[in-house]
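Contents: one structure, followed by commentary.
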Amino acid sequence: MEKRDYYEVLGVARDASAAEIKRAYRKLARTYHPDVNKEADADQKFKELSEAYEVLSDDNQRARYDQFGHQDPSQGGGGFGGAEGFGDIFDMFFGGGRRQDPNAPRKGQDLQYVEEIDFMEAFSGVEKVITIPVEEDCGTCHGSGAKPGTHPETCKRCGGSGHINVEQNTMFGRVVNQTTCSTCHGRGQIVKEPCETCRGAGRVRKNKDVRVKIPAGIDNGQQIRLAGKGEAGVNGGPFGDLYVVVRVREHELFERVDDHIVMDMPLTFAQATLGDEIEVPTVHGKVSLKIPAGTQTGSRFRLRGKGMPNVRSGHHGDQYVNVVIITPKNLTDRQKELLREFNEISDEKGVEEQHEGVFSRIKTFFTG
């Protein structure tokens, strides 16, 4: 079934503030929470609400959703969604709620890593090996936390559920809330003889090397999702995901604007006046560019297809060359003499006609 638009699910405008999104979720969650609404589709509607809120309440996820919708290319096909954590979202507003079985398989935590690359690596794409600290099941006790040859015992207070039930009177009526068992701290089991390697935690921290393929055309701040490269799951659950945020270092010549490249190209007075054919550096290599006579500072030339590749389509943007005319310093006497001679024989009227608007404004400024 095709997913509905998250803004439509919450009944808010696309430019809604964080506070408006929060209010909309609270109102609808009260209506469709399965503990309150006994209709057959209430549970599914509540999951849909919680999924929408989970994305739109997070600035980064909301920005990606606004740009790509449900199919975010940086997610490696995963897109947005998933029902994990919905109980936690409701608990954040209303307290209590239902708890997950502590012995049930749970997905490992997602991780984020920032990788810095050069401008040219962003142009061509690059493969990197990164080292990330992760938590994995202890190899000695295989995640049980118990000393080899022994086994964890089921908590007698909660019967292995990890929580105890407490009845409370609420605005919804009498509701049974589940709270964490204080004896086993939510694990459902008690380790009497802890593993010496992990000291009973069942997990150890280690460094893991991960190979990351960064696609050509990736822009600063974009991220890559590596499914299953996060932390190990709990109780045999799946691994979490790894999100690699790419930072692109600035280039000494080129500036990226979307998929285009902009650069300043210095020209001498003679080149700009008489015209010339010059070599222009691009990320694709050197390109010949004809400079017409009479080129002014601020003139811009376009080199089609010489920009960055689009990370999704592969289509290349353009390169824009901005002309900057360099005024010479430390002239020789002969050069000064020639410039004075040039100035004397120049047609000032012709220059004024070429820049009539500028000269007119200057005269008005002085004469009033």
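Using N, Cα and C of the backbone, Cβ positions are placed for all residues, glycine too.
Database features, via Swiss-Prot:
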- 5-69: domain 'J' (DOMAIN)
- 125-207: zinc finger (ZN_FING)
- 138-145: repeat 'CXXCXGXG motif' (REPEAT)
- Cys138, Cys141, Cys195, Cys198: Zn(2+) 1 binding site (BINDING)
- 155-162: repeat 'CXXCXGXG motif' (REPEAT)
- Cys155, Cys158, Cys181, Cys184: Zn(2+) 2 binding site (BINDING)
- 181-188: repeat 'CXXCXGXG motif' (REPEAT)
- 195-202: repeat 'CXXCXGXG motif' (REPEAT)
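Between the repeat 'CXXCXGXG motif' (138-145) and the stretches 155-162, 181-188, 195-202, the greatest number of Cβ pairs separated by less than 8 Å involves 195-202. Minimal Cβ crowding within 10 Å, among the binding-site residues Cys155, Cys158, Cys184, is found at Cys155. Long-range Cβ proximity for Cys141 (Zn(2+) 1 binding site), meaning a same-chain Cβ under 8 A and a gap of 6 or more residues, is found for Lys147, Pro148, Cys195, Thr197, Cys198, Gly202. For the repeat 'CXXCXGXG motif' (195-202), the DSSP-based tally of helix, strand and coil residues reads 0 helix, 0 strand, 8 coil.
In this structure, the CA atom of Cys184 (Zn(2+) 2 binding site) is 20 Å away from the CA atom of Cys138 (Zn(2+) 1 binding site).
The 10 Å shell around the Cβ of Cys138 (Zn(2+) 1 binding site) contains 19 further Cβ atoms across the protein chains shown.
Each residue in Lys156, Arg157, Gly159, Gly160, Ser161, Gly162, His163, Ile164, Ser182, Thr183, His185, Gly186, Arg187, Gly188, Gln189, Ile190 lies on the same chain as Cys155, Cys158, Cys181, Cys184 and has a C-beta within 8 Å of the C-beta centroid of that Zn(2+) 2 site, without being one of the site residues.
Sorting the repeat 'CXXCXGXG motif' (155-162) by DSSP state (H, G, I as helix; E, B as strand; all else coil) yields 0 helix, 0 strand, 8 coil. In sequence order, Cys155, Arg157, Cys158, Ser161, Gly162, His163, Ile164, Gly188 make up the list of same-chain residues 6 or more apart from Cys181 (Zn(2+) 2 binding site) whose Cβ falls under 8 Å from its Cβ. With DSSP states grouped into helix (H, G, I), strand (E, B) and coil, the domain 'J' (5-69) comes out at 45 helix, 0 strand, 20 coil.
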